[in-house]
Every structure is written in C-alpha cells, then in structure tokens.
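Copied over from TrEMBL, here are the features:
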type: DOMAIN; residues: 260-459; note: domain 'EXS'
type: REGION; residues: 1-24; note: region 'Disordered'
type: TRANSMEM; residues: 57-78; note: transmembrane segment
type: TRANSMEM; residues: 98-121; note: transmembrane segment
type: TRANSMEM; residues: 142-166; note: transmembrane segment
type: TRANSMEM; residues: 178-198; note: transmembrane segment
type: TRANSMEM; residues: 267-285; note: transmembrane segment
type: TRANSMEM; residues: 297-315; note: transmembrane segment
type: TRANSMEM; residues: 378-394; note: transmembrane segment
Amino acid sequence: MFGGQVVPPSNSPHLRKSDGEQGNTEMEGLLHSTESNDLKIPSLPISTAAIMPSPILLWRFKVLLFFLWGFFCCKIGWDSVMRMSVNLRDLFLYEAFLYYNPLLLVTMMVWLWGVNLWVFAQSTISYAKIFDLDQNHLTHREIWKVATWMTIIVPISMTAYLYLYSHGEVSLAASQPVFLYCAVALILIFPFDIFYLSSRYYLLRTLWRIVFPLQAITFSDFFLADILTSMSKVFSDLERSVCRMVHRQVATIAWFEADSVCGSHSIGIPIILVLPYIFRLFQCLRQYKDTKEKTALFNALKYSTAVPVIFVSALKYHVLPDSWTNFYRPLWLLSGVLNSLYSFYWDVTRDWDLSCFTRIFKFNKPSLCSHLLHGRKWVYFWVIGSNFILRLAWTYKLSAHLRHNYLTVFTITALEMIRRFQWVFFRVENEWTKMSSKSNLQLSEISSEEDKLLAPSNHNV
C-alpha cells in the first residue's frame, strides 16, 4: 500500500525453513557479521589492554626480578668476602660498610617518607598545604620510584666493590664508591628539567635556609632540620668516606689507624655530628627574634643539650684514662640522660600535643589500616613507649667512643629513623590541627564583622 514494501512477519509459516536451511542461514549471517567486523577493525585503534599483560602480572614479575637480583647480589658479595683471608675480612667489611651504609640509610628514609605521604594522601590531612607545595610536588608513588632506584643502584655498587677487590682489581674497586658519590651529587645539582627538577631545587633551597637562617623560619625549614638531627650519624660517616676518597685511602688499610687524618679519633666526627643540632638551635633563636615567644628559647635549650653529649664523648681519646673514668664518663652519662628526657618530654607535650590525637589515621575511605590504627589506645602507648626507649638509645649513637661496633650503631641509627618516621605522623597532624583552628577562627571573625556591617542602624534621622 502507498508504494511501500510489504515485509511479512518473521514467524510466518510461509517463511519458516527447515532445520537444515535455518542452520545454513544462521551460519551465513554469522560469517557476514564477522566479515563486516573485520572490515571495521583497521579503522579502530588497537586496544592496549589486549596486548599488555595485566598490572597484577607485571607487578609479580617485577617482584620476582627484584628478589632474583637481591639473591645474586648477596651470592656474589658472600663469595667475594669468603675469598679473602680471615685477618683482612673484618677490616675490609668495616671499610665497605663505612662507604655504603650512609646511602643505605638514606634509601631507607626515602622509603619511610613515601609511606608517610601515602598515609597523608589517604587521610583528611592536606600535607601539600602544610608544606606549601605546588601542584608539581612528588606523590608517594614517585617517592617510592626514587627509593626503588636507590635500592637497586647502591647494592650493585657495593657488590661490584666487593667483587673487584676480592679478585685483585683494587684500583677499579676503589673507584666504585667514588663514582656513586659523584653521581648522587651531580643528580642533586643537575640544572636540566629531568629527575624532578622542581623537587630537587625545593630540597636544596630548604637546605640552604637551614644552614643560613637569614629569613623567617617556615614549617618545612624546621621540619627538615629535625629530620637531619636523626641523620647526624649518616653525615658523620659521609664525612669520613669523603675524607678517605680525597686522601686516596679507599680500598686500603691505612685509614684504619685511629689517629690518622680520617681515623676514628678525628675531630671532624664530633663537629659533623653536632652541626644539625646547631642549625636547629639557630632556627629557634631566629624564631624567637621574629615572634618573641619564649617557647622557642626552651626549644633551643633542648638542642643545646646534645652538644655536651657529643663533645664529652669525643674527649675519651684525648684525656687520661683515669680522668675519663672518674670525671668525664659520669658527666657524659648525666648529659645523655638529660638530653634524652628533655627531648622525650618535648616530643609528647609540644611536637605532638596528645589532646589532638584524632585525625592522622582517619582515612577518607574505610580500610583495614584505618580500622586498626584510628582512635586505638594501643597506638598511643606504642608511640610514647617506643619514643622513650629509642630516645635513650639515640645517645649511644651520638657518642663517638661507642662506635667501634658498627653493626650495633647501624641498627640504632635505623631504629632512630623509624622513631622519626613515627614522629612525622603526629607532628604533621598537630600542625594541620593548628592551621585548621586558625582558619576557623579567621572565618568566624569575618562572619562576625559582616554581621556587624549588615546589622540595622539605630540612628534616628
């Protein structure tokens, strides 16, 4: 009708075919649709999901490679050490440990800082606002990427050092820590826009402000300076390592003489140990000059108590044994206890402010970590107890006359970094609470001013 094509119903008995014919028709339709899809494929982009393996599979493969790499490094290092004579083995390990343990501890600190940032990103705390960071700041994923490369490169250099020295290639072995230290320094000051240029320069600017506190102290300035006090042993070992590189004592036993220019009795050791505390003390004095708050003076007094712990300990190598036993050793013990207790008191009452212990592990999305940590009393007891014990143990590290057992000192330094890692959570939380209260107070003041301006006037015309 009206020139239209009449389309009979598909279920008409006149159009219904036999089973064989119906199967052939379905097969033809399937082939036709397949051909049409094949013709359309070149015009569509190839999906990367069909080519690339799943992220979980890639992650497992990377973990497997990482463990294989760690196994081979340990195997080569162990075989290299076993090739040496028993008399030289301990001396050689002590020297190798001196060059590489500072960078290993720095790597550990970078990993822990990534964990800090991950928790901050999950919680209600805006760490970018606290540290005044721009949108290009490094996230926890990028921090972990840097830590991963450090975890790979530093042990590779150490394994090469052990292998080359044990096989008689002393000059090549001596060049390994030198190349590594030079590479780290060049990466930090590299002027081109690679390797996170803005973040590297932010770090260098903050370090400059710490060394020369000629301007108002910001939160990031004294926050990083506090972390540097926990790494004073790292800087001391770096100084000794660079000293031996400059005097060409790497891969030799000449440096083992305690009274040599780079020996364990060097005056440079207590000077480098005390520098982070001196920088922090000057920051407190600058803060008092700007704010006139007496709290800054008490904080400066706290950092000054670390000075006698360091220098009285160094006097053991320059005084008579009887003088050390009868006078200087009790003085060192007294100054160590005073520094530990004062620092512990300041952590709990000033840096943390336990009355505001509410936000840090309150994640935006429910998770097992937030359920186990947020608002749990055991977290508070653990943090306070471990902070007290590790504060006392930290005095051991600051004492130069107790550093002959390098494995013990390394363990205590690593524990101090874990203590600082815990400290970071609650120190940042306390600062965020202060910033939030200030912003709320300012908003209330603004609203009250607006209410006064909008209030009806009682003047009569």
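Residue numbering: from 1, along the chain as shown.
Cβ atoms here come from the backbone N, Cα and C positions, even for glycine.
Counting Cβ pairs closer than 8 Å to the transmembrane segment (98-121), the top stretch among 57-78, 142-166, 267-285, 297-315, 378-394 is 142-166. When each of 57-78, 178-198, 267-285, 297-315, 378-394 is checked for Cβ pairs under 8 Å to the transmembrane segment (142-166), 57-78 comes out on top. In this model, the domain 'EXS' (260-459) carries an average pLDDT of 79.
If one looks beyond the transmembrane segment (378-394) by at least 6 residues along the same chain, the residues whose Cβ comes under 8 Å of a Cβ in the stretch are 230, 337, 340-341, 343-344, 347-348, 354, 357, 361, 412, 415-416, 418-419, 422-423, 426. Sequence-distant contacts of the transmembrane segment (297-315), counting only residues of its own chain at least 6 positions beyond either end whose CB sits under 8 Å from a CB of the stretch, comprise 229, 267, 269-270, 273-274, 277-278, 280-281, 284-285, 287-288, 324, 328, 331-332, 335-336, 338-339, 342-343, 346, 350, 395, 398-402.
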